[in-house]
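Chemist: So Swiss-Prot lists these for the protein:
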- Gly47, Met48, Asn49, Gly50, Ser51, Gly52, Lys53, Ser54: ATP binding site (BINDING)
- 6-248: domain 'ABC transporter' (DOMAIN)
Amino acid sequence: MTNPYIVAEGVSYAYGREEADGAAPVRLALDGVDLDVRRGEFLAILGMNGSGKSTLARHLNALLLPRAGRVLVDGLDTREEANLWSIRDRVGMVFQNPDNQIVAAVVEEDVAFGPENQGLPSAEIRARVAEALEAVGMSEHRERSPHLLSGGQKQRVAIAGALAMRPACLVLDEPTAMLDPSGRAEVLAVVRRLNRELGMTVVWITHFMDEAVVADRVVVMAEGRVQMVGTPREVFAQADRIRALRLDLPPAVQAAERLRAQGVPLPRTILTLDELVEALCQLYSRP
């Protein structure tokens, strides 16, 4: 997975505008961001509120355009107006609140909204809707009202709506922030399967450290800049730096740290609860 699908080069973005007298009531949200999203990978982007991660997400399918630098999606420059529809066909977006993306009174009609606006034939639309609902495990709910679904189910409908557009890449901006733990697990499992089984490129924006553990790579942002990039194991092994960026460590990493502080000789490479349990079992099953 070394072939970049999306490339950000020196991307800067500010909210607001400069005043005529030279005063600049602007907030720099991105400051010279360089990033590549590799074809077929699951990339997690972490950061505190205000770190720039959501602003960056909106640059990946040209919802926002850089004030400086450029973003290339499958070789297409997002600054070129002629490329916008092609880019948005390639990169689907899912946002934090699924209610803001639901536009129809019936699940299958909501999923069909995008393909209908592409002017596709009815048979093609039906096939895409069926395929997308099957992919997120929502086929049996196709005739229900979205507003009667749980939060996790609504988010799966929003993901199906994006999938019906047949994107090569899915960008999800804190898709589990408004969900309970079971809803979070449900949505993450669906997206992991899309990545692993269908090869879909995934960019997952989150502030939940345990979600980032399943990614191929992790990007940590602060103050509009990329601060760290690496595998989850590489990034979370740098506990002091993570804390300096005012982020938490994954639960298993925290637990292993506390046990080591009590004298339990655990390896520093532990990342998941399963790994922690296995290490403890090996340690205490020795004769």
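From the backbone N, Cα and C atoms, a Cβ is placed for every residue, glycine too.
Describe each of these features in terms of where it is and what it packs against.
Modeler: Around the Cβ of Gly50 (ATP binding site), the same chain contributes no residue under 8 angstroms that is 6 or more positions distant in sequence.
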Chemist: What are the non-local neighbours of Ser54 (ATP binding site), defined as same-chain residues 6+ apart in sequence with CB under 8 A from its CB?
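Modeler: Counting only residues 6 or more apart in sequence, the Cβ neighbours of Ser54 (ATP binding site) under 8 Å are Asp173, Glu174, Ile205.
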Chemist: Asn49, Ser51: which of these binding-site residues has the highest Cβ count within 10 Å of its own Cβ?
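Modeler: Of Asn49, Ser51, the one with the most crowded Cβ is Ser51.
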Chemist: In the three-state scheme derived from DSSP, which category covers Gly52 (ATP binding site)?
Modeler: coil
